[in-house]
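In Swiss-Prot this protein carries:
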SIGNAL    1-19  signal peptide
DISULFID  Cys27-Cys42  disulfide bond
ACT_SITE  Asp201  active site, proton donor
DISULFID  Cys203-Cys219  disulfide bond
ACT_SITE  His223  active site
DISULFID  Cys334-Cys339  disulfide bond
DISULFID  Cys358-Cys367  disulfide bond
Amino acid sequence: MSIRLIAVLSAASIAVTSATPVADSSCTISSFDQVASVLAECTDIVVSNLEVPAGETLNLETKKKGVTITFEGKTTFAYKEWTGPLLRVKGKAITVVGAKGSVLDGQGQLYWDGKGGNGGIKKPKFFKIKATEGSHFKNINLLNCPVQVHSIDHSGPLTLSGWNIDVSQGDKDALGHNTDGFDINTTDQLTIEDTVVKNQDDCIAVNQGTNFLFNNLDCSGGHGLSLSVGTSHEIIKNTVRNVTFSNSVVRKSRNGIHIKTTYQFRGRYPWRMLTYSNIAMEGIWKYAVNVEQDYKKGKPTGIPVGNIPIKGLHLEKVTGTLTGEESTPVYIICADGACSNFNWSGVSFEGASHASNCSYVPTGYSC
């Protein structure tokens with residue numbers, strides 16, 4: 001072989017080597033000081049057995065489109081009294097995956113004092129997502145979240161599937177509080193499916209948005225499947241439309257279904273196209289279905305106000321059992337003319353201590 005040919009081949013080899021993608025090991029985050037460089041260089045990222053320092057946010061915000069992030073092993077967030085969030089993920093068309101056996105541990109047991117976000121120890125919120133363009137988060141396991149677990153904001157289209165949120169240790173001595181599973185704002189086209197939530201507050205809390213599907217959820221210990229609107233001074237943020245809960249179970253919870261409007265501010269549009277289909281309940285101790293237009297500053301007043309009308313609440317095959325001295329199957333308190341087009345079928349409950357109480361009676365149900 002001529003010296004010239006050897007030189008050509010060597011140059012080609014160097015060119016191929018320089019074009020080779022960054023090695024997998026260089027795209028693994030196992031130390032907090034690697035986060036920024038890995039996000040800047042990689043599109044297939046692994047977070048492996050990471051310990052996040054106290055008072056720091058694991059900020060996985062990427063400007064690249066189509067990035068994949070995989071959590072392996074145990075990601076632990078060190079204790080500090082602060083507001084958080086512990087974890088932030090933002091991106092377009094991103095995929096976030098929990099590998100088999102992985103867990104994100106918020107160490108909530110170090111914070112819980114029975115007061116949640118209402119006082120006592122300052123507690124960090126856990127997980128904040130802003131994801132668009134068909135992003136998918138799947139098989140994520142969250143353990144012992146200090147306070148509100150998960151916030152979805154300015155997102156969609158977005159799918160979350162196969163999640164497991166376990167804050168059940170907070171049940172002991174009623175120390176866990178305000179541990180909402182998913183709080184959702186300013187989002188369009190969201191699906192959450194095949195997910196388990198064990199907590200002490202709302203399993204799902206929809207505050208604003210359109211075109212939501214929640215399917216095959218298993219919720220226990222909290223406040224049920226909730227819609228809560230009216231707390232923002234921005235009218236558009238008090239809008240909810242086209243929301244479906246289906247094929248889900250609510251166990252050992254304060255409420256099964258909770259729909260409430262707050263009358264500090266007005267909504268632009270009435271709530272429409274709200275559907276609960278094939279919902280089973282077990283051990284509900286307050287209300288199986290609770291619709292209230294009387295909330296102010298986080299509490300019911302007994303005086304309903306029609307600032308945000310509810311026009312269209314469809315319940316189909318919603319059944320279950322209640323328990324305890326406070327239990328009531330259905331409680332509806334609506335302002336005059338502010339509730340309409342409630343069409344229910346196959347709605348029945350057993351074991352309640354009190355009869356249903358409705359200021360507006362749905363078609364297909366007897367209060």
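Each Cβ is built from the backbone N, Cα and C atoms, and glycine gets one as well.
Feature map: Swiss-Prot annotations on the structure.
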residue : record                    : CB count, 10 Å
Cys27   : disulfide bond            : 20
Cys42   : disulfide bond            : 22
Asp201  : active site, proton donor : 27
Cys203  : disulfide bond            : 31
Cys219  : disulfide bond            : 27
His223  : active site               : 25
Cys334  : disulfide bond            : 22
Cys339  : disulfide bond            : 27
Cys358  : disulfide bond            : 19
Cys367  : disulfide bond            : 14
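According to DSSP, Cys339 (disulfide bond) sits within a strand segment.
Among the recorded positions Cys27, Cys42, His223, Cys358, the residue whose Cα lies closest in space to that of the residue listed as 'active site, proton donor' is His223.
The two recorded residues Cys42 (disulfide bond) and Cys203 (disulfide bond) have their Cα atoms spaced 34 Å from each other. In the three-state DSSP classification, Cys42 (disulfide bond) falls within coil. When the alpha carbons of Cys367 (disulfide bond) and His223 (active site) are compared, the span between them is 22 angstrom. Cα of Cys219 (disulfide bond) to Cα of Cys358 (disulfide bond): a distance of 26 Å.
Note: the Cα of Cys27 (disulfide bond) and the Cα of Cys334 (disulfide bond) are spaced 55 Å from each other.
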